[in-house]
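Only one structure is covered here, and it is reproduced in the block below.
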Amino acid sequence: MEVQHTVPAYSMLASKLRLPRGSSTETSLAGVTAAALFAAAGAGGGGRDKTTEALNESSYAHASDAMPRAATQLRAAGVAANRGAAVRTSGARRSVSSGGSSCGVNGVTPTSSFGNGMRGTGAVKTCMPMRASVGMPSVGHRMRGSTSDALCEPDQGLSERVKVLVRVRPAVSQTERGGGRCVDVSGPARLVLHRVDAPVPVSEFGFDTVLPPTCSQCDVFNAAVKDVVDDTLQGYNGTIMAYGQTGAGKTYTLGNTEPDAIGMIPRAVAEIFMQAKLDPLHSYHVTMSYIQIYMEMIQDLLCPENDNLQLREDASNGVHLPGVKEVAVSSLAECLHHLELGDRNRIFAFTHLNAHSSRSHAVVLLTVVKSRRLLTHAEKEAVQLAEKEGVVTHKVKVGKLYLVDLAGSERLKKSRSVGVRASEAISINKSLSTLGMCISARAADGSHVPFRDSKLTRLLQESLGGNAKTTLVVCVADTQLHAEETLQSLTFGSRAMCVRNRPVINERVDVVTLDDELIGRLEGERSRADAGGGDGRSDGGGAFLQLESEHAQLAAQLAEERERHEAVVERLRAEAAAETAEAQASLEQSEASLGEVRGLMSEQASALASLAVERDELLASNRALAQTHLTQVSELSSRVQALLAQHASMAAARHAEEAVTAALREDAATLRVQLEAAVAERDVALSQRDAARADAAEAAAAAARLGG
């Protein structure tokens with residue numbers, strides 16, 4: 001039975017003892033390692049009873065199922081509350097309780113397995129305003145937080161919004177081309193939707209990136225996926241979702257394995273292994289899971305027997321899928337093998353809109369465990385102290401990359417689906433509607449987010465406002481026949497841009513105890529497995545012929561699959577070589593341009609030298625002119641001072657003259673008054689004289705009269 005879940009000590013021991021994959025000894029190894037894990041964690045004594053129950057329930061024959069189940073029981077029992085060897089060795093002084101309380105930062109609880117819950121930290125979120133005829137207004141949004149399978153670093157609490165990329169598919173059939181185009185890419189981040197005979201015939205949208213119909217798969221990867229893969233390798237959770245109507249190119253974009261158009265999943269895996277190969281300071285362990293959600297049933301595509309997985313939620317794990325198969329992959333070829341195996345088990349069907357229509361939502365989960373090969377002096381001392389206590393600790397970063405190929409929405413009158421196909425379409429549309437309602441609730445700061453209304457939203461709730469870096473790839477068709485569906489997809493993308501996440505770097509501490517008894521039991525299991533294998537080879541006969549026939553058939557399939565994988569690898573290498581050649585040509589062109597620039601710089605240097613000489617001459621001339629100017633200014637200043645003194649004396653003389661003039665005026669006025677008085681007296685005297693003369697004349701006349 002294949003071991004589906006591994007721990008670092010299991011992988012290390014398996015490699016040291018050179019155990020074959022899938023052997024009974026390897027199965028026993030996984031079970032014994034689980035027992036060692038529980039024994040190390042329960043050293044303090046508080047959780048021994050429930051740990052013992054977990055060990056009694058698990059058997060070495062079913063180690064792959066026992067390990068995740070026992071680990072869940074171990075966390076639920078609160079064994080981590082024992083401040084024994086595990087807590088002392090990790091060096092983390094955290095306060096925990098026997099009831100499975102949270103540890104780390106901001107209430108984040110350590111979890112593991114497929115999917116994460118979403119409850120912890122809160123953060124204020126603002127929506128990016130959209131300049132579009134159809135879109136969301138600027139609103140506030142509050143995140144309800146998340147739980148993660150790692151301890152969060154306290155300085156990683158910054159929020160970022162969901163990034164949205166739109167890929168426009170050209171018309172592929174004569175019918176679509178006859179209907180006319182509907183999308184006009186007006187810029188690298190904007191597009192205009194034209195709808196004939198609609199109340200609003202023109203609608204403008206803005207996104208992070210808009211890729212025209214002429215773009216390649218490599219362009220999509222560089223624009224939407226590469227940054228998320230880089231973040232996953234740094235310990236973040238990442239999500240890539242492909243959304244759109246049926247036949248818009250979602251599966252082609254995400255999961256295509258044909259060499260002429262390699263999809264995002266193979267490219268992401270190739271990028272992970274390439275960067276891991278180029279990083280000598282860290283070791284990487286990559287695992288893969290592949291599921292589909294078909295009519296609200298979760299099915300394991302790598303293990304078809306698990307056809308109705310149930311979502312579970314607890315305080316330690318959050319929302320997860322117990323029992324899902326998780327396989328280790330060490331190369332792109334292995335990942336392609338499992339991806340094609342899952343695609344064979346995935347449900348596709350013919351409709352009038354798409355001859356190869358996905359009838360389920362598919363989710364590929366890539367888990368990257370990154371550990372350091374070189375330690376600092378302090379870390380080495382901590383490891384040595386842990387080894388003295390009999391416990392080996394490994395602090396690793398765990399990044400999870402969700403690649404989600406959503407089934408396409410469809411209208412029954414267009415797809416003409418009936419019977420089972422109609423039921424599938426109804427289920428798909430219902431889950432996508434729930435996804436849209438969850439995004440709208442997140443964007444509008446709703447008090448209730450209906451994640452529980454669909455298994456799809458329940459599984460992906462961490463990607464919508466939680467601990468993840470999320471990129472949404474909206475696939476639309478450039479034809480008037482699907483203009484309304486294109487409008488709905490673009491509106492969905494506009495709402496998604498208003499959702500903000502709080503990604504954090506996930507760290508995990510694995511604690512494993514190794515001793516001589518464990519190694520002895522492993523060697524015993526290996527010897528018993530070898531003995532059992534010898535007995536099995538003696539059966540002979542028809543069974544051997546049947547095995548040979550099956551082996552030949554599998555060899556033929558393997559050869560065919562290997563050819564396809566080699567073609568994919570060669571195509572990726574060719575693209576890398578083309579990019580390298582293009583970069584080399586660009587470098588040569590840059591060097592030629594640099595030579596020209598250097599020549600121009602030399603000419604400019606000589607010109608600058610001559611200009612410097614001219615500058616010095618001008619400076620000397622300016623200095624002489626300045627000296628002359630200063631001399632003239634000094635002379636002018638002296639003249640001005642003299643003029644000012646002369647002006648002051650003249651002003652004083654003028655003031656004196658004005659004073660004399662005023663005195664003379666006063667004297668003249670006095671004389672005028674006196675003269676007027678003398679004239680008046682004279683007039684009076686003359687009047688009196690005239691009167692006296694008149695009186696004398698009268699007296700003389702009177703005397704004459706008297707004398708006569």
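Any Cβ shown, glycine's included, is placed from N, Cα and C.
Predicted automatically and left uncurated, TrEMBL annotations should be read as such.
Listed ranges 268-313, 360-405, 544-589, 590-635; the one TrEMBL annotates as coiled coil is 544-589. All protein chains included, Gly249 (ATP binding site) registers 23 other Cβ atoms within 10 Å of its own Cβ. Mean model confidence of the coiled coil (544-589) amounts to 77 (pLDDT, 0 to 100 scale).
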